[in-house]
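Student: Here's a structure for you.
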Amino acid sequence: MPVKPSAQNNSPSKPTSKSVPVDSDSLVIGDAIYHLADHTPMMVQYLNMKVNYPQALLLYRMGDFYELFFEDAKRAAQILDITLTRRGTDKAGNTIAMAGVPFHAADSYMARLIAAGQTVVVCEQIDESATGTDNANNPSNAPTMGDKQKKDKSKSTAGTIMRREVVKTLTAGTITDDALIAPNHTPTVVAIDIETPKSNSKQPVQAAVSQMDLAAGTLTTQTISANQDDIESLQTQMLTVLARFAPSECIISEALSDSNGDISEEWLLWLRQHLNCPIIEVAANDFHREHASATLCQQFEVQRLDGLGISGAPLAQSSCAALIHYARQTQQRHVPQLNQLIVEYNDDYLIIDANSQQNLELFTPVSSNGTSLISVLNHCQTPMGRRLLVQQMKRPLRQHSRINLRLDAITSLLDTDKQSEQCSGNISLVTSLRETLNAIGDIERISSRIGLMSAKPRDLRKLADGIASSAQLTTLLTNAGISHEQAGLLPMLMQQLPAQLPAVQSVAELIERAIIVEPPAHIRDGGMLAAGYDAEFDRLTHLHDNIQVTLDEMVERARQESQLPSLKVGFNKVSGFYFELPKMQAKNAPAHFIRRQTLKSSERFITNELKTVETEYLSAQSLALTREKQLYNELLIRLGSHLAELQQLSAAIAQIDVLNNWAQLAITYNWQRPVMSNESKKSSILDNSLENSHSENGLNNNSQTSINIKEGRHVVVEAVLNPIHTHQNNPAKHSSHFVANDCVLGSYENPERLLMITGPNMGGKSTYMRQTALIVLLAHCGSFVPAARAHIGDIDRIFTRIGSADDLAGGKSTFMVEMIETANILNQATNKSLVLMDEVGRGTATTDGLAIAHACVNRLVEIGCLTLFATHYFELTKLAQNPKESSGSNDKFIRNVHVAASEIDGQLLLLHQIKDGAASSSFGLHVAKMAGIPIQVLNDAKRYLVDNLSIDNLKPDNESIDDDKNELAKSVKDKRQQTYDSNIEKSNIRNLDKKQKNIDIPQQNQLFSLQDELQAIDPDSLTPKQAHDLLYHLKEIISY
């Protein structure tokens, strides 16, 4: 089936440029027209290749360089900061721009181009003499990229253009070579297929998002849907899936951009606004839904799709099929390692959207010098383990049975570890596993490269060494009393280790027999096969390396057979190898000796055998290299037949590594096992109480959830306060200086579902909120948690509204961004969600902000979600103190807590303790002083504060409103807009006149001035006269 090469559309407002022939003598590539008659045969060859990849950068091999021409050269020169030169002009006088990179350093340049969002197409020279044998045995019929080839002068022989072929296409999501992949990065591609029914139809809008991890050999897909009038819901779901997939690039059908429909245009625009990766438009035929089933059946070698779980999901089929086509196109071959299909559903995982991931700093810190959660947690010893840990953190489990399976495995490791410590001189199991895992290479990516026929000799040696080390894992676990015949996660993983997989053992044995211990980095110069692997290769190598021995053996055999004791062998550039006999013995030469040269005292002969040895010697090196490459390709094919077993081994090692990493963190930081259960003490009484209470408000609160954390700690803050080298094999335990706090929501003892958190800035409100979310996240990942005890119920999502940032490019202010995030929470949260909201409403006028925050609290209580709500609006604390302050009996579901702080000698002491009740002050001026605000500014702030407090104190008692139920709403109105009846207003004015005699604003300014003067006086340095004058001066100020 013909396919269209992928093309990156870099201009959102402009359709992808098509490359088509204008006529038989011209080509259109992008916006340029090339007349073939104006170019040399080599440039015609280049243009005929380039026309298939109009948006990609074509690296065209010429001898020891990869060259780029025309617009490609200009773009690459700008990105790589290399010299832009020219390759003369065409016949029409147009300059041919050119830039190049050396082939031996091409990997680094390719990596930079890919990182810049470019697609790189590699075109290699095909040396017929060196690769003719290879091509017969190479399924891809493609040469190995990077092989050393002869200097290219555009022609391999007189009048003949050297043959070249595109061997692979490198894109951000399909690269598998470690030299091209950034550290701790997993290249993936997503395909999105959308089906929008007709406007008069009642069918829902559906979409499928599928992900391909070529290195891991997995396809993952999820189908989402929404009503036609609720497209925002579908987009929100899609963003959630994309946050979990974290794609390096995205492919869509060109039909989506070519469509004239408004819906398609809106979707395309929305994707470009929200996807932070290249969007590639591929042929609509790749997404063809009628052909998708056949493509998938062929790839997975099945007759029907029923066993794959997507038989009734046409969009999932088409998007997965498009990814398979894309992989085949970019790799220029079939991709047998792509052999696992995973179907995901939202209910499978605890959902954390992209904003919440960033607010919690899970993978990237907010500030450049910050610390992310993953950097503290990820001390896995293998590359596969490090990648798997990231995947598990992006996919926290919902099912408690699966979570407990992981927790049981960690418990087993820790229990065995404690037993080992009790035996003097024994290294703990966790430490031993770390040391063994550290010796295992990246089996996952090596296996993928074997499937793509691109694995290097050193890859194979690493694979063999890794298999040998993984066999030791079985020994360690067995010696610890864990058997593969037992139940549980660890025994199940042991069944996938070499001891239980004979095919994996045969792979290691084959590599040990075939590859030398220290092979070269590349196959281009040979020297990687071990002696004894192939008789013909050994003969050619022996012939070249031991020619003198071969000749000596031949001479000795001829002397014995022909009785010619004076027979000698020699060599010169004219005659080549020859036998030489003295004149007296020449007449006794055997009949098969052919006279070649007569000298004064001797004669020289050749034989067919000697001529054969000469020919083989002169070509032995070339023949040996050709044979070695052929054998190496055959070896990769043999190893490729065991890809499934190698992927099983890689997955098992990665899971053991992650479990052992969790165990090590539990030891190092004294983490405890959480209890994952929906049931708590006296749960039936609690459920009945909540049901009755919420039924009064008309709320549905079935299947409520709860959390109960005792002495919880923040993972990252604790690690920063107590730095430990957890990457070492024997990390030390630490004593924490972190102040631990409890967090209880929805339990029997504390049925409240919203904590109203007040207290000073810098007191630890945000830290307390984040630590609660991180503890819940770790528990759902199947890890022990930083707490003395933790009971976690069924949590479906974690939402956060923390921090502030604007979106200038999107035209959104800080407050607008805050409101968008708040709206998302209020629309998406359920009674099983954990919500963190920090200072909602602070980005606008105080009155508006307070009103919004008040309404948000009411809405969150109605939803019934577990909420941590931090605020500096102290008016909100009344919601928990008096049920009349809100629209319903919210006092049963809101509890005030505050961050403790003390003021000692004018200095603020932050205690970082969470205590019941509302805070008395935010201590804003104290924090400003700690930040270094100038003293003059602080004094001015104090005056302004006293002035406003004085005015507030002058109001009469009868200003209050009788209706307590509306008091909070009235208090948030601007004082300038309050109206009173005439009698109250007159009373206010009279009372104000009376009190202003005692409290005058100018007088208070003088008091501040007096305070400053007194602080500047040094009593010990004053003379009696100066002290006397000063007393009069102070009295004048007081009497003012």
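Heads up, the Cβ atoms here are built off N, Cα and C, so glycines get one too.
Values in this document were obtained by computation on a predicted structure and should not be read as measured data.
Okay, so Swiss-Prot annotates it like this:
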REGION    1-22  region 'Disordered'
COMPBIAS  1-10  compositional bias 'Polar residues'
COMPBIAS  11-22  compositional bias 'Low complexity'
REGION    130-157  region 'Disordered'
COMPBIAS  130-143  compositional bias 'Polar residues'
BINDING   Gly759, Pro760, Asn761, Met762, Gly763, Gly764, Lys765, Ser766  ATP binding site
Student: What count of other C-beta atoms do you get within 10 angstroms of the C-beta of Asn761 (ATP binding site), across all chains shown?
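Tutor: Taking every protein chain into account, the count is 21.
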Student: List, in sequence order, the same-chain residues at least six positions removed whose CB sits under 8 Å from that of Met762 (ATP binding site)?
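Tutor: Set apart from Met762 (ATP binding site) by at least 6 residues yet with Cβ under 8 Å, we have Leu910, Val927, Met930.
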Student: For the recorded ATP site formed by Gly759, Pro760, Asn761, Met762, Gly763, Gly764, Lys765, Ser766, which further same-chain residues have Cβ atoms within 8 Å of the site's Cβ center?
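Tutor: Once Gly759, Pro760, Asn761, Met762, Gly763, Gly764, Lys765, Ser766 are set aside, the remaining close residues are Val899, Ala901, Leu910.
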Student: I want to check the contact list for Pro760 (ATP binding site): same chain, sequence separation of six or more, C-beta distance under 8 angstroms. What comes out?
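Tutor: In sequence order, Val899, Ala901, Leu908, Leu910, Ala919, Ser921, Ser922, Phe923, Gly924, His926, Val927 meet the Cβ cut-off.
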Student: Far apart in sequence but close in space: which same-chain residues, 6 or more away, have a Cβ under 8 Å from Gly759 (ATP binding site)?
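Tutor: Looking at Cβ-Cβ distances below 8 Å from Gly759 (ATP binding site), excluding near sequence neighbours, one finds Lys765, His898, Val899, Ala900, Ala901, Ala919, Ser922.
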Student: In terms of DSSP three-state secondary structure, what is the assignment for Ser766 (ATP binding site)?
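Tutor: Reduced to three states, the DSSP call for Ser766 (ATP binding site) is helix.
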Student: Would you identify the secondary structure of Gly759 (ATP binding site) according to DSSP, in three states?
Tutor: coil
Student: Among all protein chains shown, how many Cβ atoms are found within 10 Å of the Cβ of Gly764 (ATP binding site), not counting that one?
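Tutor: There are 24 such Cβ atoms around Gly764 (ATP binding site).
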Student: Taking 10 A as the limit, how many CB atoms besides its own sit near the CB of Lys765 (ATP binding site)?
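Tutor: Excluding its own Cβ, the number within 10 Å is 27.
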